[in-house]
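A.B. asks: Please read through the structure below; I'll follow up with questions.
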Amino acid sequence: MTYLLALDQGTSSSRSIVFNAQGQVVAQAQQELTQIYPQPGWVEHDPLEIWRTQLATAREVLAKAGIEAREVRALGITNQRETTVVWSRKTGAPIHNAIVWQDRRAEPTCVELRARGLTPTVQAKTGLLVDAYFSGTKLKWILDHVPGARQQAENGELAFGTVDSWLIWQLTHGTVHATDVSNASRTMLFNVHSNQWDDELLRALDIPAKLLPAIKPSSALFGEVSPDLLGAAIPIGGVAGDQQSALFGQACFKPGMVKNTYGTGCFMLMHTGHSFQSSANGLITTSAAQTTAQPEFAMEGSVFVGGAVVQWLRDGLRAIPSSSEVQALAESVPDAGGVMVVPAFTGLGAPYWKPDARGTITGLSRGSTLAHIARAALESIAFQSAALLQAMSRDAVQAGGSAVAELRVDGGACVNDLLMQFQADLLGIAVVRPAVIETTALGAAYLAGLATGVYRSTDEISTLWQAERRFLPALAPARAAELMEHWEHAVRQTVL
């Protein structure tokens, strides 16, 4: 039997999953990760806790699977993107907590970069917006605020990495300092056309090149896990940021194929092949997971509050005792009764980009109940995702392609049948849930398997992907369009 081990290091937890060569889950293990909030708008993780929890789950999952490390053909890594770690090359000790992707402390740097007129340069070279979301400004903050850090960086004594680089360094006992193109593309320092760090961007942010990891394709040999950690030297064969890994795990290998991950937020990616397409509709362009040195691209849109709206129903409104009960409450009414919830708790992301927006509930009447609000909250996830897909379809058509024909879904909230059916109704296309919804970890396993000969090609991997259920639209297109108009009207009311 052939086994692949995926390390899935996320924002809220570290997970490890063992897959067989057919892409089926054999065993999994998970440990929560402590969230650190030093002040409003700041979010940190302890890099040593990231490593401890990830190693512990890797050991645990091998035991659960009843296998030894020598039976594992390859290891893949997928990770929360943009989160920034800086450590000593000599001791391996972090010089500061990891600054998490949600952290906004670097916004003043972004204001300065925009004022200097760098937005067009950043967008042309990286596909990204100038935003504190991305790693480059977080790295600059560490260099500017940790005593002695900038001088140590100039001397080549420090290493920077996103979470994948940090894990690779630990797994190889500091012998490998590397990242893949998908993670590099989230730093605002990486030229997605040349697949290299960009000197002009490094100068703009005053970041020494000596800090940076080597860049490899997502499917490549990054080194071997030190035998003392898991019991054998396992090749590290795949590395990708979580959303690009999910795109790969969904077997979205051809231009125009789209996946949406329904997690705390929602992340929609459309593969655009070897074509770099700038969005005219509020999306960003990013590197897709690459199996060769040739660049591959994806368009991406991010919804800040997806499944988190269900947590708000539970913890804020106390409408439900547990998240799993939201579907039953929402199904207790035939529709939302004209109620619209726009969960702009932290502003609105793509395609609106309204940082000043705040959450609203509109359309309330004396007949409105908690069930109507719960249904409207659940439907808000589908409305936001529909706005993303419509933006992607417009971009695709403007670039000479076709409108999106099918949406592949994954993430925790995709198990909610009511939500998936409403999503299909709004979009007017099939929404397809795969048999294996652990697609983020599966993508890392597939990438590792490709690099080590378990799979011959992405065509072979495509044959392994299986649908569990297809949700077909059951709503008249005119009614779906009317609902989207109501949604857009509600969105306009979120900014005072």
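Cβ atoms here come from the backbone N, Cα and C positions, even for glycine.
Straight out of Swiss-Prot:
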BINDING   Thr11, Arg15, Thr264, Gly307, Gly412, Asn416  ADP binding site
BINDING   Thr11, Ser12, Ser13, Thr264, Gly307, Gln311, Gly412  ATP binding site
BINDING   Thr11, Arg81, Glu82, Tyr133, Asp242  sn-glycerol 3-phosphate binding site
BINDING   Arg81, Glu82, Tyr133, Asp242, Gln243  glycerol binding site
A.B. asks: Please report the Cα separation of Asp242 (sn-glycerol 3-phosphate binding site) and Ser13 (ATP binding site) in Å, rounded to an integer.
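C.D. replies: That separation, Cα to Cα, works out to 13 Å.
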A.B. asks: If one looks at the chain holding Ser13 (ATP binding site), which residues at least 6 apart in sequence have a CB under 8 angstroms from its CB?
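C.D. replies: Sequence-distant Cβ neighbours: Gln30, Gln31, Glu32, Leu33, Thr53.
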A.B. asks: Mind telling me which of the binding-site residues Ser12, Gln243, Thr264, Gln311, Asn416 has the densest Cβ neighbourhood, counting other Cβ atoms within 10 Å?
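C.D. replies: Answer returned by the neighbour count: Gln243.
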A.B. asks: Find the one among the binding-site residues Glu82, Tyr133, Thr264, Gly412, Asn416 whose C-alpha lies closest to that of Ser12 (ATP binding site).
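C.D. replies: Going through Glu82, Tyr133, Thr264, Gly412, Asn416 one by one, the Cα closest to that of Ser12 (ATP binding site) is Thr264.
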A.B. asks: Which one is it: of the binding-site residues Arg15, Arg81, which Cβ has the fewest other Cβ atoms within 10 Å in this structure?
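C.D. replies: Across Arg15, Arg81, these binding-site residues, the one with fewest Cβ atoms within 10 Å is Arg15.
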A.B. asks: Reported as an integer number of Å, what is the Cα distance between Gln243 (glycerol binding site) and Thr11 (ADP binding site)?
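C.D. replies: One finds 13 Å between the Cα atoms of these residues.
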A.B. asks: Per the record, glycerol is bound by Arg81, Glu82, Tyr133, Asp242, Gln243: how many Å separate the farthest pair of Cα atoms?
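C.D. replies: Comparing all Cα pairs, the maximum is 15 Å.
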A.B. asks: Within 8 Å of the centroid of the Cβ atoms of Thr11, Ser12, Ser13, Thr264, Gly307, Gln311, Gly412, which other residues of that chain place their own Cβ, given that this set defines the recorded ATP site?
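C.D. replies: So the additional residues around the site are Gly10, Gly263, Ala308.
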A.B. asks: Between Glu82 (sn-glycerol 3-phosphate binding site) and Gln311 (ATP binding site), find the distance joining the two CA atoms and give it rounded to the nearest Å.
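C.D. replies: Rounded to a whole number, the Cα-Cα distance is 24 Å.
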A.B. asks: Counting across all protein chains shown, how many other Cβ atoms sit within 10 Å of the Cβ of Tyr133 (sn-glycerol 3-phosphate binding site)?
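C.D. replies: Neighbour count, Cβ to Cβ under the 10 Å cut-off: 23.
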A.B. asks: What residue among the binding-site residues Thr11, Glu82, Gly412 has the most other CB atoms lying within 10 A of its CB?
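C.D. replies: For the binding-site residues Thr11, Glu82, Gly412, the Cβ with the most other Cβ atoms within 10 Å is Glu82.
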A.B. asks: When you put Thr11 (ADP binding site) at the centre and draw a 10 Å sphere around its Cα, which of the binding-site residues Arg81, Tyr133, Gln311 have their Cα inside it?
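C.D. replies: Those close enough are Arg81.
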A.B. asks: Among all protein chains shown, how many Cβ atoms are found within 10 Å of the Cβ of Gly307 (ADP binding site), not counting that one?
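C.D. replies: Counting Cβ neighbours of Gly307 (ADP binding site) within 10 Å gives 23.
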A.B. asks: Do me a favour and check the Cα-Cα span between Gly307 (ADP binding site) and Arg81 (sn-glycerol 3-phosphate binding site); whole Å is fine.
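C.D. replies: Given the Cα positions, Gly307 (ADP binding site) is 19 Å from Arg81 (sn-glycerol 3-phosphate binding site).
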A.B. asks: Consider the binding-site residues Arg81, Tyr133, Gln311 and say which one has the Cα lying nearest the Cα of Thr264 (ADP binding site).
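C.D. replies: Going through Arg81, Tyr133, Gln311 one by one, the closest to Thr264 (ADP binding site) is Gln311.
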A.B. asks: Does DSSP put Arg15 (ADP binding site) in a helix, in a strand, or in coil?
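C.D. replies: Assignment for Arg15 (ADP binding site) reads strand.
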